[in-house]
C-alpha cells in the first residue's frame, strides 16, 4: 500500500491519521513478485540539467510520446519532497518477454518543439524513469562540439531506447537503458534533412520513437539489489571508501582533545592548589586579593541578558541533537535503502514534529530555573526559532521552482500535509513539553551566591575577544568534519548514495566531543581574565562552526560542482544557510552545557569551610 502525497487520494487522508500516513509511506517498499508475461509498469518521472540535481521538470513537459490521458502514480511524502512526479508511460513491458524495436509512437514536431528539444539537449538534460522502484537514467539527446575553424555543432535526439532488465526468480533486480549501437536523429536548425526515422515537411518534423526490451537472469537476491544500483555508474562516481581519511581525522582529533584535556587539567590542578587555602567562612569570603577565575565567583552565575532567546537556542539545539541521532540510528538499521525514494525526508519530517517536545521541555525548564517570567513567550519563541526561517526560505525557493515549472515545487496537498504535521503535532508537543518543563524545573544549582552589584570587568587582550574565540571555536570542530562534509555535500547536492552510516556516527560523536572540549577550554581562558560573561560566549564560540560550514558550501558550489542558474543557486544557498543554522544550534547547545558543567565543577571544588 502506498499513501500518496503529491496526488493524495481523498480516502487515504480520511481513513488514516497523520502519523499512520507518514509511517506507512516511510516503511513501504517490500518485494513485488511477477509471473511470466505480467505487465511491469514503467513510470516516466522527471528531466533536468545534468549538473543541476535540484532543477527538475516533469518528463511530459518535453514534446515526447505521451498517453492521451496521463495517469499519475500515488507518491509518498518523501518522493514528492524529492521532486518525483511519476506518471504511467506508453512503454509496454512484460515480465521476462523480450521485445525488439517496437514502435512507441510517431510524433510530428513543430519548429518550436524542435527548438525546445534542442535547448534541452544543449543543456544536457537527462531523464529518469522508474521500474519497480528502480530508477533508470539516460540522456535526452546527444551533443557534439568539434573543430575550431570551421566549428561544428551537432545536436541529435535519441529516438530508440534499449531497456536491459535483470531478474531473479519472480522479482526485478536491476534495470537500465542503453543507446549503444543507436544513431541519434539530428535536429538541424530550420528544416533539416529526412533521415533516421525523421521526415520533414511544411516546416514540421516527424519523429518515430521505438524501443527494445531484453531480460537477463541474475544470481543476486532481491534483498541485495540495492548493491547493484550502487555499482551502476550513470552519474560520476566521486565517493570512494574513505576509511584512511577518517582515521587520519580521528587521530588528529584524539591528539587535539588529549592536548587540551591534559594541559587544562594541569592548569586547574595548580589553580586548586593555590586557591584552596584555609579560609574563614564560605565561598563568599575567599581572598579578594587573588586574581583569576576565583575572584569572580560572586558574578560567574549572574544570569545573562536575553534569557528567553538563550533558552530557545538551547531547546532547539537539543531537539536537533535528538533528531540527528535518530536519523543516524535509523540509517544504521537499514531503513533508508536506495529503493525507498525520499524515505529519509519523510523520517526527518516525522522526527522533527515528534521531537518538538524536547525543545519545549529543555527551553522552558531552563528558562524557569534562571528566573524567567514570560514562559508563554518563551514557548512561542522556541517553536518559531527554526520553523520561521525554514518557512521563509522554503517560500522563496518554492516560489522560484513554481515560477520555472520545476517538479521541486510542492503541490498544495503536500504543503497542507506538512503544515498539518507542524500545527497538529509539532507546535502542540512544544507547548506540552514547555508546560512539563516549567512544572518540573527545580532551582538553578549554583555553588556560589551572586552579589547584587556586578564587578567591573578589566580590559581584555585582543586574543580574548569574541571574534577570536568564535574563529578558534568554530574552525576546530569544522576541521574535524571537513573530510566527511565533502561526501555529505556530494550526496545531498549530487546524486551519490551515502551508505557509510557507521563512519557518519563516529564523525558525529567526534564533532560533539571536539565542540564540548574546545568550549570548556575557551571558557576557562575567558574566566581566567576575570570576565564572567560566559553564557552567550560559550554558545557563540562553538556555534560559529555553522559559519565555516556555509563558507565551505560557497567553496563547494564554485569549485566542486557544476551547478548554475537561478533555480539551483537559490535552493542551494537557501538550504545551506538553514544547514549552517542547524549546526550552530546543535553545537551551541552542546558547548553551553559543557561549559556550565565545567564551571559548576571548578567552583564546587573550591574548599569551603
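A Cβ is built for glycine as well, from the same backbone N, Cα and C atoms used for every other residue.
Predicted, not measured: the structure shown is a model, and the values here were computed from it.
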> According to TrEMBL, which of these ranges is transmembrane segment: 220-242, 243-265?
Replying inline: 243-265
> Among 438-461, 534-557, where does TrEMBL put the label transmembrane segment?
Replying inline: 534-557
> So which of 375-397, 409-436, 467-489, 577-603 is most in touch with the transmembrane segment (348-368), counting Cβ pairs under 8 Å?
Replying inline: 409-436
> With an 8 Å cut-off on Cβ pairs and a sequence gap of 6 or more, do the transmembrane segment (467-489) and the transmembrane segment (375-397) reach 3 or more such pairs?
Replying inline: no
>> Below 8 Å between Cβ atoms, which of the listed ranges 309-336, 375-397, 501-527, 577-603 makes the most pairs with the transmembrane segment (534-557)?
In response: 577-603
>> Using a Cβ cut-off under 8 Å, which residues of the same chain at least 6 positions beyond either end of the transmembrane segment (501-527) come close to it?
In response: 242-243, 246, 249-250, 253, 256-257, 260-261, 264, 267-268, 292-293, 296, 300, 321, 324-325, 328, 331-332, 464, 469, 472-473, 476-477, 480-481, 484, 488, 533-534, 537-538, 541-542, 545, 587, 590-592, 594-595, 598-599
>> Under 8 Å between C-beta atoms and at least six residues away from its ends: which parts of the chain pack against the transmembrane segment (309-336)?
In response: 26-27, 343-344, 347-348, 351-352, 355-356, 358-364, 366-367, 370, 372, 378, 381-382, 385-386, 501-502, 504-505, 508, 512, 535-536, 539, 582, 585-590, 592-593
> Who are the chain neighbours of the transmembrane segment (375-397) in space, where the CB to CB distance is under 8 Å and they lie at least 6 residues beyond its ends?
Replying inline: 308-309, 311-313, 315-316, 320, 356, 359-360, 363-364, 367-368, 408, 422, 426-427, 430-431, 434, 438, 570-571, 574-575, 577-578, 581-582, 585
